[in-house]
Every structure is written in C-alpha cells, then in structure tokens.
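Taken from Swiss-Prot as is:
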- Asp14: active site, proton acceptor (ACT_SITE)
- His42: active site, proton donor (ACT_SITE)
- 13-19, 41-43, Arg306, 332-334, 415-417: GTP binding site (BINDING)
- Asp14, Glu15, Gly16, Lys17, Asn39, Ala40, Gly41, His42, Thr130, Arg144, Gln225, Thr240, Arg304: IMP binding site (BINDING)
- Asp14, Gly41: Mg(2+) binding site (BINDING)
- Ala300, Val301, Thr302, Gly303, Arg304, Pro305, Arg306: substrate binding site (BINDING)
Amino acid sequence: MGKSVVVLGAQWGDEGKGKIVDLLTDRVKYVVRYQGGHNAGHTLIINGEKTVLRLIPSGILRENVTCLIGNGVVLSPTALMQEMGELESRGINVRERLLISEACPLILPYHVAMDKARESALGNKAIGTTGRGIGPAYEDKVARRGLRVGDLFDKQSFAEKLKNILDYYNFQLVNYYKVEAVDYQKTLDEVLAVADIITAMVADVTTILDVARKNGDNILFEGAQGTMLDIDQGTYPYVTSSNTTAGGVSTGAGFGPRHIDYVLGIIKAYCTRVGGGPFTTELFDEVGAEIARKGNEFGAVTGRPRRCGWFDAVAIKRAIQTNSISGFCMTKLDVLDGFREVKICVGYKMPNGEIAEYAPLAAKDWEGVEPIYETLPGWQENTFGITDVNQLPENTRNYIKRIEEVTGVPIAILSTGPDRVETMILNDPFAV
C-alpha cells in the first residue's frame, strides 16, 4: 500500500520544507502543492548547487516524480513562465512533468498593484506581505469574480472578463489609493502570450490523486508558509491568505482527509518570523543577532531579514492541534552550536497572570504575553553535517529529547545542514 504524507511548516514558515520535500521525493510518484503561490521560497541545495522554487513543487528536481499544482494554489502566469524557464535552461523537463488544476485562481498585474498599494497605505501597520498579489487573488476567488486557469481556454471570453474586473480594480487604485491604473491591453497580451503553454498542462488533479491512491502510489503534499500564518488558525491579521494547515490538502487538492496517512511538521531548532505580527520568544540582543547570522536568516523570495527567537513549544502545541502532526523534522540544529545555554518556551504568562499552554489565535490576545523558559545547557561541539544521531553531543540529544517531551510528538528527521545528505531519518514517514 502506498502512503500519503503531508509536509508542512509548524511555525511561521521558512522552516526548511523544500530540502525535506526534496529528500523524501525519492520515495514518491507525485508531489503536490495545495495552497499559497509564488510567495513561497523553497530553497534546495543539491551537490552544492542552489535552487529556489517558488511555485513549482520541489519534486521537479527528481526525474521520476510528477508534480501537481492543486486548485488551492494562486497561480501567476508570469512567475510560472520565469520559473519554468530557469529550470528548463538547466535541462530539467518541466512541461511533461507538471500538471495544473484548471480551478487555480490567476494572479494578474492588478493583484500585485493592489497588494503594494494597500501595504503602502498601511505604513507602519502593514501586514508585511511579499507584495506579489497573493491576498487580492484569494479575495477574488472568495468573491467569485476571479479569473482562473480554466478561463484561458476561451480567449475571447477571458478578454471580456478581464476588462470588467480591471475596471473594478483601476477605479480603486486611481481614486482611493491615488496610484497609476493597470493597462488592460498590456495585461491581456502578456497573459494570452503564454495561455497555450499553461492550458497544455491542465489536468484533473483530484482524479489523478484518487487513482494514484488506489494504485498504491506514494504521494507527498508540499505545504507553503507555516501553520502560524494560516488565514484561520494563525496570528490574524498577521497571516497569509490561504490555509497552510493540513486541512488545506483536502480543500486545495481535492484529496479526502481520511486518506492522509502521516503529517510531518517541519520545525527549526529555534524560531523565526518575517514581517509584522506577534512573536513571543523574539530576541533583540546579541544572541538573536548571532542566530540570524549563523542561520543566514533572510527570506528566500524577498531577501528580508527574519526575526529570530528561542524555540516556542506553546506555539508548536497549537500547530500540533490544528494539523494532527504525526512527527517532526527539526532543521538547522547546527545553528545552535556554540551557545552556552539554549532555551525552550514552555508556557505563556498572560497579562491577567494566568499561564497558557497553547498559543492564542488573534494577534491582539498576544499583547503583553511573557514567555516562560526552561534553560538547558548548550553545546560547544560542531554538529554540522552529522548523519548519525549517536554522534551528536549529549546536550544536543537532551535538547531534542526535551522538545519531544514538552510537545508530546517524536522527532522523525533531523537536519544538520542545507544539503539533502546532511540529514538523519530516524523514522521514515513513508515506512510507518
């Protein structure tokens, strides 16, 4: 029997999902993106060569894997063509191995213009979006006015729909945000120039997955961003516009929840966050700066510096609840090498004096929250590239064990470097 495994971020994104997906794809026939868009930067380093994938599933680097983009993904034609071009220039066959749901909402230039205009208007209260039009595209989907991949099959109808929706957007952009209108003809020409390439890859993703499951094929679902950025379960309003949790697999790929066998939550050995929003364990001292330096904590897509802090088990417990996490993959363990002590946040002291074991939902409920830490001895030894858990320093193993105890979830995979070989698989999700 085949296995269906979900790989998702259990923190605020940037946990190292791309590497782990790539690592596990030698076991699978299909890799599926089910939410988000080209705001997700998945960095892979294979034999020293760096690849950043934003929209195309990370399985594209394995010749035996078919990659699927489900209906929950918002798709930018421009970003897709650029990414395909980069991969094809390296001899990677994309067009015969990438299939796209016709129900994917399209991200078009007016979405990007609106995203940037809104963030600019918010000033220091900005959400911290990537400015790539993700939110406005999801808005159009929910409002039932958005254009989808399937609309590209009828170019005349597409042109008419585009005219109507662009009038709607330009009225807001010009009259409310006082910015330049988006040109209709330029937008239309750009999309129609690549329409045939995109429609040639359209397929019934739900049926493909159902047949694969019945045939006993292994399937991997690749999440983007992280649990605490989920539109419903995250630190609202400082969230993304999609369901980043495991439930997004069903709504974003048409795969029934009963058929999910394992949920692998990716966690860093510490915590990071990009953009605004609450972050209880954030460090503003030299320790935080050192973690950022050693971890090279800059966004793969935006290049923005990430905020850094100690491991937050309280936030992780919320992620465990919302995802039914089966096991963790801990990444960037080596970044904590050399610290005299390491800390784990095991509780939140709320403004009313109560102790919370689970993170609040709304951002406003995080105000005035203080972290309650357990302090453990650090380790001076170098763990970079270690591939045998028994070779890890005793204090490193104690740190890992304590996180397992506090969260109640076992660590199935350990990563000690960016390359796929710098990994320890303690419990293979596809062998469970």
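Every residue, even glycine, has its Cβ placed from backbone N, Cα and C.
Given the structure is predicted, the values throughout are model-derived calculations rather than measurements.
The two recorded residues, Gln225 (IMP binding site) and Lys19 (GTP binding site), have Cα atoms 14 Å apart.
In terms of local Cβ density within 10 Å, Lys19 ranks first among the binding-site residues Lys19, Arg304, Arg306. Checked against Arg304 (IMP binding site) by C-alpha proximity, the recorded positions Asp14, Gly16, Lys19, Thr416 yield Asp14 as the nearest. Of the listed binding-site residues, namely Gly16, Gly41, Gly303, Pro305, the sparsest Cβ surroundings within 10 Å are found at Gly303. Distance noted between the C-alpha atoms of Gly41 (IMP binding site) and Gly16 (GTP binding site) is 10 Å. The closest partner of Asn39 (IMP binding site) among the recorded positions, by CA position, is Asp14; the full candidate set was Asp14, Lys19, Arg306, Leu333, Thr416. Taking Thr130, Gly303, Pro305, Arg306 as the binding-site residues under consideration, the smallest Cα distance to Gly13 (GTP binding site) is found for Arg306.
Just so you know, the Cβ of the residue listed as 'active site, proton acceptor' picks up 28 other Cβ atoms within 10 Å once every protein chain is counted. Counting only the Cα atoms, the space from Arg306 (substrate binding site) to Lys19 (GTP binding site) is about 19 angstrom.
For Thr130 (IMP binding site), the nearest of the binding-site residues Gly16, Leu333, Thr416 in terms of C-alpha separation is Gly16.
Among the listed binding-site residues, namely Asn39, Thr130, Thr416, the Cβ with the most fellow Cβ atoms inside 10 Å is that of Asn39. Other Cβ atoms within 10 Å of the Cβ of Gln225 (IMP binding site), summed over all protein chains shown, number 27. Across the structure, Lys19 (GTP binding site) and Pro305 (substrate binding site) place their CA atoms 20 angstrom apart.
Of all the recorded positions listed here (Asp14, Gly16, Leu333, Thr416), Asp14 has the Cα closest to the Cα of Gly303 (substrate binding site). Checking each of the recorded positions Asp14, Gly16, Leu333, Thr416 against Pro305 (substrate binding site) by C-alpha distance, the shortest gap belongs to Asp14.
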